[in-house]
Amino acid sequence: MTNIRKSHPLIKIINHSFIDLPTPSNISAWWNFGSLLGMCLALQIITGLFLAMHYTADTTTAFSSVTHICRDVNYGWLIRYTHANGASMFFIFLYFHIGRGIYYGSYTYTETWNIGVILLFTVMATAFMGYVLPWGQMSFWGATVITNLLSAIPYIGPTLVEWIWGGFSVDKATLTRFFAFHFVLPFIVTAMVMIHLLFLHETGSNNPSGVNSDSDKIPFHPYYTIKDILGLLFMFITLTMLILFSPDLLVDPDNYTPANPLNTPPHIKPEWYFLFAYAILRSIPNKLGGVIALVFSILILVLLPIIHTSKQRSMSFRPFSQYLLWILVANLMILTWIGSQPVEYPFITIGQLASISYFCIILIIMPATSYMENKMLKW
């Protein structure tokens, strides 16, 4: 008799994805982030569902409903802070996951990579709309500033902004629709994750050497299930310490002040995980130019398979490219810091230089370096 996990129509899908999946024998801890992201997504959906049971999407009661969750609901504070800090963990893992993809040349699986880029945009949209829901000062002004960027689109811009707002400013209609979208988008993300995995399992996983590993594969279970559980353990320890010891470490204090349309905060800034893109947006004096740069700062990832000039897939054996990638990481950290600073000298200049170097490294210097490395290896 055939084993049920290999014959049952539903269980065999799980079996081919998580149990008998042939996996390269040499993938490192950098390949743990996929499962960690899946766990984060599940955690966000569960905590979000419980928060939605107590939250009211109305401008008059939204702020006090969040206060009510923290003060009166059993373990409400824990659910709220798990959801808020879980989002930060989600983005940390996302950036590590993308970084690993760039380092080891995983972007050559174009379908998987492009679905991943669309996923990144969707997750960013979800996080932005979630940040608006507590209806604090930064929620309100963040929503006003970011949605207002769409007015830079020629001809249809101003109409589009009012259409998104549901009126002539960010108000009750905006909050209600943002809550609706914030609730539904994670389920769309889950569906897209399944497509992401479907494309990945068509080709099989990449590995640190960047060489085809069909001759050296091992079953996913028990080897990588154990490895993933260890990663999850580290994640939960870190997240628990963050929630229980310093839950507001990554939160803007301005968001503990109820939204007031008549009082603008001194520095409007998004959550830390959007600061690098925000710095790129601010570094261009022209509104439309800034919006294009903002979108392209993420969309540039789609170009990576096209501008890959190296004869090798991975950066494991390309020291110059490695060095450049770490310069890019440092550059992104500088952009993140600049995004949190006021718009004044010297931050404007630093932001502009960091923005230029960000695009130059990816579009010009990295492909040129890869080409040079080919010549050095007489390829």
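Keep in mind that glycine also has a Cβ here, set from the backbone N, Cα and C atoms.
Some features that Swiss-Prot has for this protein:
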| type | residues | note |
| --- | --- | --- |
| BINDING | HIS83, HIS182 | heme b b562 binding site |
| BINDING | HIS97, HIS196 | heme b b566 binding site |
| BINDING | HIS201 | ubiquinone binding site |
| TRANSMEM | 33-53 | transmembrane segment |
| TRANSMEM | 77-98 | transmembrane segment |
| TRANSMEM | 113-133 | transmembrane segment |
| TRANSMEM | 178-198 | transmembrane segment |
| TRANSMEM | 226-246 | transmembrane segment |
| TRANSMEM | 288-308 | transmembrane segment |
| TRANSMEM | 320-340 | transmembrane segment |
| TRANSMEM | 347-367 | transmembrane segment |
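Structural mapping of features recorded in Swiss-Prot.
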residue : record                   : Cβ within 10 Å
HIS83   : heme b b562 binding site : 21
HIS97   : heme b b566 binding site : 19
HIS182  : heme b b562 binding site : 21
HIS196  : heme b b566 binding site : 21
HIS201  : ubiquinone binding site  : 14
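Highest Cβ pair count under 8 Å relative to the transmembrane segment (226-246), across stretches 77-98, 113-133, 178-198, 288-308, 347-367: 77-98.
Taking pairs at least six residues apart, the transmembrane segment (33-53) and the transmembrane segment (178-198) share three or more Cβ pairs below 8 Å and count as touching.
Panel annotation: around the transmembrane segment (113-133), residues 48, 55, 57, 62, 66, 87, 90-91, 94, 98, 101, 106-107, 139-140, 142-143, 146, 174-175, 178-179, 181-182, 185-186, 188-189, 192-193, 195-196, 199, 270-271, 273-274, 298-299, 301-302, 304-305 of the same chain, lying at least six beyond its termini, place a Cβ under 8 Å from a Cβ of the stretch. Among the binding-site residues listed (HIS83, HIS182, HIS201), HIS201 has its Cα nearest to the Cα of HIS97 (heme b b566 binding site). HIS196 (heme b b566 binding site) sits 21 Å from HIS182 (heme b b562 binding site), taking the Cα positions as reference. The two recorded residues HIS201 (ubiquinone binding site) and HIS182 (heme b b562 binding site) have their Cα atoms spaced 29 Å from each other.
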